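Undergrad: So Swiss-Prot has the following annotated:
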type: DOMAIN; residues: 10-100; note: domain 'EH 1'
type: DOMAIN; residues: 42-77; note: domain 'EF-hand'
type: BINDING; residues: 55, 57, 59, 61, 66; note: Ca(2+) binding site
type: DOMAIN; residues: 139-227; note: domain 'EH 2'
type: COILED; residues: 280-401; note: coiled coil
type: REGION; residues: 304-328; note: region 'Disordered'
type: COMPBIAS; residues: 314-324; note: compositional bias 'Basic and acidic residues'
């Protein structure tokens, strides 16, 4: 068993490169990763093989774990650790969270035996046409409840894990297997969530008296592989969209609704002894790191929007207004200037400076003039008193002269 692994310092360095390229997104597309990968000077055909190996989930993009795988392969090729790109991904390079995908891909090469296809001659009495691929929200919620109760750790469903559900339905075993084959074109031992929902949807309609469809639409079949499924009725093909109403009563209308009996007695499901092996990146890059990247990106976007808004505002302010409308910007400017002037006058009045100081000086001068006037009046009164005293003295002198 190989002792090779991606070291901690490598993962941290790869994270710095990944974060600088991803712009806050969890994945890199081909064009984003090309600038770094092509710096290795490897041939394009080598880089294509590296990309195919690293893209474990086959979605055409590299998340951080897959990016680490690609970078390590590139460095090993550049440093001579590898002479050629390996045909399969070494076990020590398989991300722990995606090891089930690698094992499933390898297992597909064995092509397990598929259930025998049962040809439907459409001669079953009481069955109706009008199957619809559109899932009503209530039905979809019930399908997801069944799926969540029975999925394994890889998020997949095995045929036999739903046997109690089959037993509770009024659906022949041959029709159950036909529905399974329809959503499992690769004849895998398990199917993913989207295929499971479609499988349960087919069983629901068969339980309600509708014939099982012969084929799956090409877009829907592709969605089983891409893990994406379109549940919007507006996107359905006309032949599927305008079928009979799923709520139409059928000869089996008095039966319990699809899955109700099964769900009512369902215990804990989805148990599995599966233990993934491979490189574990979960202890290195935490959610906080992603949050920092997202916040930096949001900050840059806000700064860009702010600059754009400021430029637009300046452009509107500088643009002449010839349409005869009121320039509210000019009105606001004049009002602010008037307010500033009044505030300055009030401040000068309180501090005794400026024009208010001149007014205070005039008032003080008036008070001084008034005080001088009062002093003049006092002096005049004092002079009159002295004159009376002088006159009295002169009279006394005259009387004294006469008496001699």
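Every residue gets a Cβ built from N, Cα and C, even glycine.
Provide an account of the burial state, proximal residues and distances for the features listed.
TA: Assigned with DSSP, the residues of the domain 'EH 1' (10-100) fall into helix, strand and coil as follows: 58 helix, 5 strand, 28 coil.
The Cβ neighbour count for residue 59 (Ca(2+) binding site), using a 10 Å radius over every protein chain in view, is 13.
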Undergrad: Suppose the Ca(2+) site is 55, 57, 59, 61, 66. Which further residues of the same chain have a Cβ inside 8 angstroms of that site's Cβ centroid?
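TA: Everything else in range on the chain: 27, 54, 56, 58, 60, 62, 63.
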